[in-house]
Each structure stands twice: as C-alpha cells, then as structure tokens.
Amino acid sequence: MWLESPSIHQAPLVAALARGWGGEVVVVAERDVSERRRQLGWERADFSPARLVVAPTRRQRASILAAGDCARTVHVFSGLHAYPETYWTLRRAAATCARVGIYAERPANDHSAKGLARRARYRLQALRWRRRLDFVLATGSTGVEWYRARGFREESLFHFGYFTEPRDGVDGLDEGVLHSGGAAELLFVGQLIPRKGLDLLLRALGPLGTRSWRLNVVGRGPQEEEYRALAAELGLGERVRWLGALPNAQVQPLMAGADMLVLPSRFDGWGAVTNEALMAGTPVVVSDACGASDLVRRDDAGRVVAAGSVESLSAGLAGMLGKGRVDAGRRREVREWARGAISPEAAAEYLAEILSGGEGRGARPRPPWHPPARSGPGA
C-alpha cells in the first residue's frame, strides 16, 4: 500500500488486513509525519504486522515493485495524482501484471472556477486510467458518486472509508455516564472553521429552544469568537459549553456519554469522528456532504441531513431529540452493530475480497455497513 504518510487514519485497517492476508503486506509512505501534525499530537502510526517503509528513494521504490510474484501482487495507492512520488510509482506499477487500484476521497465539488477545472482534470484522469484500475476504493457514497460522474468504470467502484479502533474502557461507561433524565447531551468535535459548519448547528438549535438539550463544543479555530458571538445572539449562550481543544483521552468519555454527535460539515472527505461515536454506541447527525454519512444506514445509528441546510439539520436534531435520551440498551445495540460492521477487522475482510478480485466468489463484495439487498416480491 502506497501512502502519502504513515497516517493514524489508515493504520488500524492495514494492520487488520496484514493479520489475515496470508502474505506480506508492505506500507510505503512518501514522507514521515509532518512537523505540523506532530505539534498537533500525531505520532508515526503502528501498522504492524505490516512492514513500513518511510521516504524511500525511487531506486528503492522500483526494488519494492520488482519484488515477489507479479501475478499475485496487489498495489493500492492513496489518491490518484495528489502525491508526486506515489503517482510516479503508480505509473510504473500499471506497466506490470499486478492488480492496481486507488484509495481516494472525493474532492470538494464546488462550482467555482477551481472546482470546474478540478472536474475537468478528473475526467481526463478517468480517460487515462479507467481501463487499468482494477478497483477504486472511494470514501462513502459521495466518493462513489464523484468518481462515477467523472467516468470511472462502474464495476471498479467500491464504497470504502476510514476505520477506527474501539476505545478502551468505553463499555464500562454505560451505567456511570448515562442516565435517563436531564438535558440531552449534544457533542461537536472539530475545527472551528466554516467548512465544519458549527454556525449551521447553532442556527439549527435556535428553533429548538423549548427542548431540553446542552451542546458541548470541542475544538478551536479562527472562527471561535465569531461562533461564540452567534450563540449569544441566538440566546443559546448558557446552553453551549466551549471546551477548547482536548486530548483524545478526555474526548472519549464525552463521546461515550453524549446522546448524539453532530457533524454538520459543508464538506468532509470522510469525518472519522462519526466512526468514533458509533463505535462508542453514540448516534450521529451528519451532513450528506460527509463521506462518513455512508455509515448511517440504520435508524438507531442517527440521521443524515442536507449539507448547508439549517432547516434540514434542525429537523434531524428534533427527530433525534424526540427519541429521548440514549439509554444503556440503545447504546449497546449501536455499539455492537458498529463493532461488527465498521471495525478495522470487518473492513479488512471486505477489502481482502476486493483485492483478491472476488476469486472463488460469484457475488460482488458488499460493504459490511450496508444492509443486505432485499430480494423477492416488493424488493
């Protein structure tokens, strides 16, 4: 697997794949974790038992490509042309007999001049690569729709995403954190920037003033003062707690005790906090511009709302609040479903089916988080 950097977002999946693949799994990162990310608390992710190679030369890349039996080798590349050394390697891998595919998010699909140029560029890439790529692991339904619209082959497109490990100690929080009375606990975790849509959430909560709720905001960003002023203007000041940036160890109890996580992004390639919430048993309200909205296919998992629409977000919140507080039983059901459907192990098994090309299987691999297709009368 050829990546831009050894990312914490991909390590759980790759490690799970390596444990069950039956052959060597090698991860090649174009560069190490950046200093900016290190300052944010990131560390080089652990991919073991996969072998990690960081910042190899082109000679070393060529050596890795030449190793092993070409007919039994599969190459997965992060993105199509975003990272120069990774793209250099993709072009050379494509000249071999190995299976080749990409793991990619949908770019921002705006209608600016830059957005129009981006769509044109991807159409040209589709013309070049559509016959050679054996698979496109597109993040969420939004990603599949994007690559389909650009002209990539339908049979090569697979719903995919990012997959997080369940957090230690979350199970034991059920009785200690949850209770049936009191105000519903809403949680927002993310940067305080326009793309993440906290302003939309505040405006959507305005009409719900008669409901019993409290919002915890975790994160910082350049719009913080603007959003604080907006909350005060809407009369929400006392019901919104501004917690700032918190280490993950402090976020997890908040997430495990919330009645819903809200991710109202105007655009998000994925949105891993959605996984983290569901793995903790917490339902989510997520916009349809987030790749992770693909995970919300059960009523008890939450609601998908229209991106950028205050009205749709307000209706989604009202629907969830109308269900009452999330008790231990509801939380356990969501958590058990998530651990069977969106865990790194479940995703790795699905990925292995894709990478093998369906050998020995007639049916196309189905994402484990998608409900089985209905059959028979009325399907």
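Placement of Cβ uses the backbone N, Cα and C atoms for every residue, glycine included.
Feature list (source: TrEMBL):
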DOMAIN    182-321  domain 'Glycosyl transferase family 1'
REGION    358-379  region 'Disordered'
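Residues belonging to the domain 'Glycosyl transferase family 1' (182-321) score a mean pLDDT of 96 in the model. Counting residues of the domain 'Glycosyl transferase family 1' (182-321) by DSSP class, helix then strand then coil, yields 64 helix, 31 strand, 45 coil.
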